[in-house]
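The structure appears below as structure tokens.
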């Protein structure tokens, strides 16, 4: 019964629209360029054909796909002074974002396991983290993300009537659409919370268990230099995980608990736009191996 929705407008002031357009366009281009450089460096340098950088390159691809599902639409809406998104476009955006957003989470979980093996079982690292296992982890991440997205789409397709057409977010968030349902809101919320608990706790438990074993192993190292060297290999990954989970929690609190669309919008921007932009700078472009690979690539093309 609904042909279109209206997304949240970031600013009602027309004078701010060019500034917002330039800001988000710059962030989008930086994100795409930074993550493409990571993939170019990893693919062109044989020294980086290791499990850790294999996960890095897949996370970069997932970040590019994730941010590309919503920022181009946001830029078009700012430029045209319109917040309309059609029903099928909304479902498509939600489907793709749920896949790649959750795939980020799963890859971060796989990277935590990679760091656990590297620190706790260094002599068997290449045997355990063989190409077959690494490929299987990425495949499982994609399949779980696809299943999660399909379940959310099926829940939305069950809704026949919406009580409103205004979405309190700048993109089509599944929780926002479920809240607009006219019928059986309780059962929708129960299913949503069950899915959120299962899909949210599964990677989180793996990350928590990996770091518990990592910290236990580091504490058994006698020298302070050895402890610092061991922890430095996973410090950047831990920072990205905290940023990812912290902004994700902010989206949930702002939209569901506090019922504050503006707070939810700020957290959503951090979660969907700022996170993918910062990831290459936090622990990839600052990495000496990546820098060296990019320099060698530049010297070959110069």
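All residue numbers here begin at 1 and follow the chain in the order shown.
Each residue, glycine too, has its Cβ placed from N, Cα and C.
Database features (TrEMBL):
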- 34-283: domain 'G-protein coupled receptors family 1 profile' (DOMAIN)
- 20-41: transmembrane segment (TRANSMEM)
- 84-105: transmembrane segment (TRANSMEM)
- 137-159: transmembrane segment (TRANSMEM)
- 190-209: transmembrane segment (TRANSMEM)
- 230-253: transmembrane segment (TRANSMEM)
- 265-285: transmembrane segment (TRANSMEM)
Can you tell me which parts of the same chain pack against the transmembrane segment (84-105), counting only residues 6+ beyond its ends and a CB-CB cutoff under 8 A? 2-7, 59, 62-63, 65-66, 69-70, 73, 77, 141-142, 144-146, 148-150, 152-153, 156-157, 167, 171-174, 177, 199, 203, 244, 272
Top stretch by Cβ pairs under 8 Å to the transmembrane segment (190-209) (candidates 20-41, 137-159, 265-285) is 137-159
Over the domain 'G-protein coupled receptors family 1 profile' (34-283), what is the model's mean pLDDT? 84
